Amino acid sequence: MISCTCYKGQKVALFGLGKSGLAAAQALMSGGAKVVAWDDNPSGVHTAKRENIPTRDLQYENWSEFVALILAPGVPLTYPQPHWVVDKARQADIEIVGDIELFVRARNHFLQHSGFRDQDVPFIAITGTNGKSTTTALLAHLLEQMGYDVQMGGNIGTAILTLKPFVKKRIYVIECSSFQIELTPSLQPTIGLLLNLTSDHIDRHGSFAAYVQAKRRLVTGASYAFISVDNAVCQALYQQLLDEGHQVGAVSKEHFVENGFYADRTKLFSVCQGQRHMLADLADMTALRGSHNAQNALMVLATLQALKISDPHIEKYLASYKGLAHRMQQVRKMGPVLFINDSKATNAEASAPALSTFNDIFWIVGGQAKEGGIEALRGFFHKIRKAYLIGEAAQEFAGVIGSAFPFSMSLTLENAVHEATVDAMCCKAKEAVVLFSPACASYDQFKNYEVRGEAFVSFVMQLKES
């Protein structure tokens, strides 16, 4: 665990007792802070009590005694309206920060008192609308394969303050959501990666401009940044950073870049002063199929170069990466039919990589629709043999599809798996693909995308070969 001494001897309020909140409370207490924790969910409060974390309903506390509110990233800060605990903190005029800010302050304290430099204990921060988790996991995997001391956490699922304490040459690879960045005013990573920016989480940020601004802070604060320039918003941001004098590199999965990193199909290149150097070829790496994974791999290789890390076996290490659960995860091959779990695709843009990668698709789609639905995926409609519509979005998506291709109102995931399997097995394609890429949130029928993905895997594994 990383101990946080920034509030030593002071009283802090903490709201949100999931994994990251519980870890933050323990880290603060070990650093000498007086913590009062609470959550709207009674189970979180119960867990905190079991871990000897002081709990009291913050609605009835004297907020003039607190110096800060430590807030879980899932709690609304501004939109659609501030949570009551945020209003309390603002009325008391105290700072509101999250667990990544506590990590940043603890690291800064360590660097100041140890005499080490930023690059002696590298902090890699990764953000973007889609691809964050894969890039985070792939970078950590390669560093581990090369023998480095690596700690991976943040939005990928491991609470950042549960990671091992700071020591020289330990590398921290951290996935950051826009919500976490909002709560991290001191964010200054050694290297910051921005993968892409498309409309998402507008319900929490109020506007796309506010969402972009949150993501921008990660790269503007970085000692060195890499930005994908395949998107107009990111290209403009890259140019802004260059004009402002930031150390920033360009990455493209679509076209040549003058100084930076780019992909030509499966081949990955770096370009420096007009000289092109091939870094790796992703051909036949099933866990890194698709142009989106070429971008993820480019970001990882760019980071390694910035860290001055090289290894002659880099392709072997890339090939050994197994991929993440729920992200274009190959579940099973049954005869000529391939089953793919892409449950982490919670919006249209996140479904695009899978739809672009495969052909002869039997698409299971639906759930709780995001703004824009599946309109952005029309360019892939020619690849779809049939769709199986589930959840709240079924009727809406049926209207969008119209007569573009056949569809079934399956409504439930179990029905969809069985219907899609029957149709795919009868298909004469060399390899038919039953693709579960819902392009929607899961909350209408499942607790989260992980539970939804596990349900899909379970239904697929129960299928009997005929």
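The backbone N, Cα and C atoms fix where each Cβ goes, glycine too.
DSSP classifies Thr134 (ATP binding site) as helix under the three-state reduction. Cβ-based neighbour count (10 Å, all protein chains) for Thr134 (ATP binding site) stands at 29. According to Swiss-Prot, the ATP binding site annotation covers Gly128, Thr129, Asn130, Gly131, Lys132, Ser133, Thr134, on the basis of sequence analysis.
Within 8 Å of the centroid of the Cβ atoms of Gly128, Thr129, Asn130, Gly131, Lys132, Ser133, Thr134, where the record puts ATP, the same chain has further Cβ atoms from Ile126, Thr135, Leu195, Asn196, Asn296, Ala350.
Long-range Cβ neighbours of Ser133 (ATP binding site) (same chain, at least 6 residues apart, Cβ-Cβ under 8 Å): Asn155, Ile156, Glu175, Leu324, Arg327, Lys344.
Each of the binding-site residues Thr129, Asn130 was scored by the number of other CB atoms within 10 A of its CB, and the lowest score belongs to Thr129. Neighbour density for Gly131 (ATP binding site): within 10 A of its CB lie 24 other CB atoms from the protein chains shown.
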